[in-house]
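Peer 1: This is the structure I have questions about; it appears just below.
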Amino acid sequence: MPRIAIIGGSGVYDPKLLQNVREEFVSTPYGKVRVKIGEYDGEEIAFLARHGEGHSVPPHRINYRANIWALYELGVERILSTSAVGSLNEAMKPGDFVVLDQLLDFTKTRHYTFYDGDESPHDRKFVAHVDFTDPYCPELRKALITAAKELGFDYHPTGTYACMEGPRFETRAEIRALKILGADLVGMTQCPEAALARELEMCYASVAIVTNFAAGISTQKLTHTEVVELMAKKSEEIKYLLMKSIKYIPKERHCGCKDALKGATGE
Ligand SMILES: O=P(O)(O)O[C@H]1O[C@H](CO)[C@@H](O)[C@H]1O
Ligand SMILES: Nc1nc2[nH]cnc2c(=O)[nH]1
């Protein structure tokens, strides 16, 4: 049973770090999810590509609830993910790794909770308001930071990610506004992925890879081609970072993630 999962974003469709990989189709109340399960360093690891293997699913159409529920069904407790981002912070340059610690949610049409009351397509029909003060697991963040430091990568131990609805990139004015609001990075997939993991009391962290400077800061037109090309260049480093991070994930969970529902339902 895999305790750890990796969710690959743009450019990360196969971690190429797992052995004896099998494929499972996990049924969830939100639909079926295709998950790869393999071994790394004697540990079972689950992997799913959030956009699908052929990057066929755009960010605003990803079935985030099915993905997170499927990992929960498999017994996953810890989720590491990758996110390709634009940077609003001149210190965070294309090619840099950023271990996210905060997020701002500007998504519009997404299904962002499991707790829909009577509408919930499962037995968790209660209302739940989870704490999300710190959206990322401190223990997973520490593992990513330790690994990035040990590998000598250009990394930043914190970063605020603004999640836009997409699939278009931002306007100059939107980036100006996000900068005033304190965002360092901009992407399209951290919300609701991080919140849904917290709602199922799973640990979640994401390493962002800066692929470009954001609209209005970059002097060039923004393209998905540029994103995927830079991610391809960084694929080996991303693989090493994930491999090394897994080794630093404590076996026991002493973070608050595992008790996220305590007090959330008013009981
Ligand atoms: O966040 P990931 O999945 O890495 O994808 C990023 O890359 C795409 C834009 O090129 C968007 O989907 C953005 O969110
Ligand atoms: N929203 C958004 N997502 C990205 N992913 C990679 N670069 C960008 C960007 O500039 N904006």
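For all residues, glycine too, the Cβ spot is worked out from N, Cα and C.
Relevant sequence annotations retrieved from TrEMBL are reproduced here:
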BINDING   Ser10, Arg50, His51, Ser83, Ala84, Thr189  phosphate binding site
BINDING   Met188, Asn212, Phe213, Ala214  substrate binding site
DOMAIN    3-246  domain 'Nucleoside phosphorylase'
SITE      Glu170  site 'Important for substrate specificity'
SITE      His224  site 'Important for substrate specificity'
Peer 1: Could you measure the widest C-alpha to C-alpha distance across Ser10, Arg50, His51, Ser83, Ala84, Thr189, the residues recorded as binding phosphate, and give it to a whole number of angstrom?
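Peer 2: Maximum Cα-Cα distance: 12 Å.
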Peer 1: Around the Cβ of Met188 (substrate binding site), how many other Cβ atoms lie within 10 Å? Please give the count over every shown protein chain.
Peer 2: 26
Peer 1: For the recorded positions Ser10, Ser83, Ala84, Glu170, Thr189, which sit with their CB under 6 angstroms from an atom of ligand 1?
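Peer 2: Going through Ser10, Ser83, Ala84, Glu170, Thr189 in sequence order, those close to ligand 1 turn out to be Ser10, Ser83, Ala84, Thr189.
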Peer 1: Report the recorded positions (Ser10, Arg50, His51, Thr189, Phe213, His224) that meet this criterion: Cβ distance to the nearest atom of ligand 2 under 6 Å. Use sequence order and write none if nothing qualifies.
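Peer 2: Cβ < 6 Å from ligand 2: none of the recorded positions.
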Peer 1: Between any two of Met188, Asn212, Phe213, Ala214, the residues recorded as binding substrate, what is the biggest Cα to Cα distance in Å?
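Peer 2: Max Cα-Cα spread across the substrate binders: 15 Å.
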Peer 1: Here's one to test understanding: among the recorded positions Ala84, Glu170, Thr189, whose C-alpha is closest in space to the C-alpha of Asn212 (substrate binding site)?
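Peer 2: Ranked by Cα distance from Asn212 (substrate binding site), first place goes to Ala84.
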Peer 1: Including all protein chains shown, what's the count of other C-beta atoms within 10 A of the C-beta of Ala84 (phosphate binding site)?
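Peer 2: For Ala84 (phosphate binding site), the 10 Å Cβ neighbour count is 24.
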Peer 1: Suppose we draw a 10 Å sphere around the Cβ of Ser10 (phosphate binding site). How many other Cβ atoms does it contain, all chains included?
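Peer 2: Result for Ser10 (phosphate binding site): 24 other Cβ atoms within 10 Å.
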Peer 1: Name the residues of the same chain, 6+ apart in sequence, whose Cβ is under 8 Å from the Cβ of Ser83 (phosphate binding site)?
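Peer 2: In sequence order, the residues whose Cβ lies under 8 Å from that of Ser83 (phosphate binding site) (at least 6 apart) are Gly9, Leu100, Tyr161, Gly187, Thr189, Gln190, Ser206, Val207, Ala208, Ile209.
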Peer 1: Since the record lists Ala214, His224 as recorded positions, which of them has the fewest other Cβ atoms within 10 Å of its Cβ?
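Peer 2: Each of the recorded positions Ala214, His224 was scored; lowest Cβ tally within 10 Å is His224.
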Peer 1: Highest Cβ count within 10 Å among the binding-site residues Arg50, His51: which residue is it?
Peer 2: Arg50
Peer 1: Reported as an integer number of Å, what is the Cα distance between His224 (site 'Important for substrate specificity') and His51 (phosphate binding site)?
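Peer 2: That separation, Cα to Cα, works out to 13 Å.
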Peer 1: Taking DSSP as the reference, which of helix, strand or coil describes His224 (site 'Important for substrate specificity')?
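Peer 2: The three-state answer is helix.
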